Amino acid sequence: MENIELELYIRAGKIACIVRKDAEKYVRPGLKLIDVANFIEQKIVELGGQPAFPVNISIDSIAAHYTPVPNDNTTINYGSIIKIDIGVHIDGYIADTATTISLSDMHRPLVEATQQALEKALAAISIGKRFSDIGAIIEKTIKSYGFKPIYNLSGHRIDRYVIHAGETIPNFNDRLNLGKFRPGNTYAIEPFATNGAGFVEDEKSVTIYALVYNPKKISKLSNESHKFYSYIYSLRRTLPFAIRWYTNIFSETLIEKILQELTFKGLLTKYPVLVEKNHGIVTQFEHTLVIDKQGNIIVTTDHC
């Protein structure tokens with residue numbers, strides 16, 4: 001990893017850290033989710049970054065992949081558990097961070113279990129450490145509070161313009177995962193915990209999408225779809241996006257029609273909303289770290 005790359009990761013991480021802390025102060029009962037999303041995403045841009053993905057605002061048993069849709073009237077209720085997952089990129093160098101906001105004391109132990117799992121996992125990471133060993137620490141910490149990790153959600157390696165770059169860091173002792181932490185790589189450590197079954201399932205609803213790059217298929221798109229694809233790709237490449245970002249340029253009806261064509265032609269990835277299998281409450285915390293060529297562990301999304 002070159003020095004300029006490390007510098008961009010650190011800059012993106014600092015923005016993500018500031019915005020996460022601002023979001024924790026901003027969120028309160030009665031707010032619309034779309035107002036929270038706009039606050040977070042506008043703050044990212046004001047600080048010199050771009051959203052790496054639409055901010056995920058996942059309430060209670062929803063674990064991930066919910067971002068407000070156009071004219072979303074969903075509001076935050078007192079007592080809710082709100083997960084805020086924020087991604088920031090600068091020229092494709094991504095920092096990914098998440099926090100859980102509890103609007104009552106009812107689920108405080110569940111929040112603490114996840115937060116402690118992240119802190120202990122980060123403290124144990126070193127060059128050559130197996131991903132499964134970190135998963136074991138996460139699992140043991142969460143279970144010590146009487147809860148379960150989400151077994152089918154995980155942390156992940158990050159590359160330039162790629163949020164999930166193949167390797168995964170499990171939230172349990174997955175002995176089949178032979179991955180190890182290596183210098184020059186960037187990782188997101190992302191424990192989830194629940195008082196439910198410990199697994200998430202796809203819902204039918206989708207609020208987050210990403211383009212798939214395939215030049216042969218792109219050339220066969222209709223004029224409207226080609227224009228839409230080219231516009232988004234010029235801004236984001238294959239980073240995820242939300243419909244609400246583009247309704248000031250394309251009508252919502254037209255976007256829905258275009259997404260159908262992109263799906264049919266294999267040029268669109270959909271990210272279904274993920275919900276806990278038994279509708280248990282889910283909590284989440286996340287930091288991004290970079291291991292530089294000297295082997296130093298640099299947590300980019302903390303200490304802002």
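Even glycines carry a Cβ here, placed using N, Cα and C.
Of the residues Asp96, Asp105, Asp133, Asp174, TrEMBL places Asp96 in the same divalent metal cation 2 site as His156, Glu190, Glu286. Divalent metal cation 1 binds Asp96, Glu286 as TrEMBL records it, and from the list Asp85, Asp302 the residue named for this site is Asp85. Computed over the domain 'Peptidase M24' (9-208), the whole-number mean pLDDT of the model equals 98. Other than the site residues Asp85, Asp96, Glu286, same-chain residues with C-beta atoms no more than 8 angstroms from the centre of those residues' C-beta atoms, the divalent metal cation 1 site, are Asn56, Ile86, Gly87, Thr97, Ala98, Ala188, Glu190, Gln284, Thr288.
Under DSSP, His164 (substrate binding site) is assigned to coil, being neither helix nor strand in the three-state scheme. Rounded to a whole number, the distance between the Cα atoms of His164 (substrate binding site) and Asp96 (divalent metal cation 1 binding site) is 11 Å.
Set side by side, the binding-site residues Asp96, Glu286 differ in how many other CB atoms lie within 10 angstroms of their CB, and the most is found at Asp96. Taking His65 (substrate binding site) as the reference point, the binding-site residues whose C-alpha atoms are within 10 Å of its C-alpha, out of Asp85, His156, Glu190, Glu286, are Asp85.
Listed binding-site residues: His156, His164. The one with the lowest count of other Cβ atoms within 10 Å of its Cβ is His164.
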